[in-house]
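J.: The structure under discussion is supplied below as structure tokens; questions concerning it will follow.
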């Protein structure tokens, strides 16, 4: 089974942020599991030279342990540092900004909490400076760093390193974030943006004074967006260009759906079409289409492309958030990252 590194790391970050009861026993058990997952994550795929899950999840695991002030073996940190130094975070069809940001937050936390030796701490500081410089270079003219969802994570790096007041990139990113707040609809994406809107980063969780916190953790129920009048017709294409696929074009049909329908609703409307999804903190994730399963162990995933042209551009939203337009072509492509 795949290690649940990222999910457990997010849970531990959220648990610490909600000021849990004083009894530490449940947290100690979860921290132990996270340490185990980090080791399994790497050992299970050592021959490939990358974690079994992803460098993003691996970085989250290191960050969560640091926020809980738990020391990890320096070898665990070195693995992440070497990957950053050799620019191994990039993957096909996506940005490396989110992974680099979480790694930089983990590196900064390890220094701040004095959880590594002086030599390694100096190497981590140098790595963070390089990551921050790359983020400035990656910023587009509209202020977005990577994509709209990686932008808050990049901004957290500026906050955590006390450079947001001196960097023009931060102000431009904040302006872009405020313009695109309606894109943050899932719990995971909101959790990335909310600290930034309060001038905080995930590192601030470690120093929270829980006796001063109000009990404001109440559930929020979001009403689904209403569907508009009329229908749209969207061309749905499914491609499997990997060598393991006997047939490269699996599906190509026009699919009618109510105006304003999400991509998830459109997939449900398509005839002779089957798919499977898995709920995550960032919303439903496609795991299988027309019987072809994405295999994380082999770094396969279902890439989403959209737009009025062909082959389209990578979508920055998930299947539950993206709303295709009339005449658009949406392509589901089994890709390798």
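Glycine is no exception: its Cβ is also placed from the backbone N, Cα and C atoms.
Below, the features straight out of TrEMBL:
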BINDING   53, 54, 55, 56, 57, 98, 147, 192, 302, 303, 304, 315, 337  cyanocob(III)alamin binding site
DISULFID  66-109  disulfide bond
J.: Could you check the binding-site residues 53, 57, 147 and say which one's CB has the fewest neighbouring CB atoms inside 10 Å?
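T.: Each of the binding-site residues 53, 57, 147 was scored; lowest Cβ tally within 10 Å is 147.
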J.: Measuring Cα to Cα, how far is residue 57 (cyanocob(III)alamin binding site) from residue 66 (disulfide bond) in Å?
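T.: Spelling it out, the Cα of residue 57 (cyanocob(III)alamin binding site) and the Cα of residue 66 (disulfide bond) are 14 Å apart.
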J.: Please work out the number of neighbouring Cβ atoms within 10 Å of the Cβ of residue 109 (disulfide bond), leaving out its own Cβ.
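T.: By my count, 24.
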J.: Given the binding-site residues 53, 147, 302, 304, find the one whose Cα is closest in space to the Cα of residue 109 (disulfide bond).
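T.: Nearest in space to residue 109 (disulfide bond), counting only the binding-site residues, is 53.
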J.: Please compare the recorded positions 66, 304 by how many other CB atoms fall within 10 Å of each one's CB, and tell me which has the fewest.
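T.: Across 66, 304, these recorded positions, the one with fewest Cβ atoms within 10 Å is 304.
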J.: Just counting, how many other CB atoms are there within 10 A of the CB of residue 302 (cyanocob(III)alamin binding site)?
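T.: For residue 302 (cyanocob(III)alamin binding site), the 10 Å Cβ neighbour count is 21.
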J.: So if I measure Cβ to Cβ from residue 55 (cyanocob(III)alamin binding site) and keep only same-chain residues at least 6 apart in sequence, which ones fall under 8 Å?
T.: 80, 83, 88, 89, 99, 103
J.: What is the interatomic distance between the Cα atoms of residue 53 (cyanocob(III)alamin binding site) and residue 66 (disulfide bond), given in whole Å?
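T.: Given the Cα positions, residue 53 (cyanocob(III)alamin binding site) is 20 Å from residue 66 (disulfide bond).
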J.: Using Cα coordinates, what distance in whole Å links residue 66 (disulfide bond) and residue 147 (cyanocob(III)alamin binding site)?
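T.: The Cα atom of residue 66 (disulfide bond) is 27 Å away from the Cα atom of residue 147 (cyanocob(III)alamin binding site).
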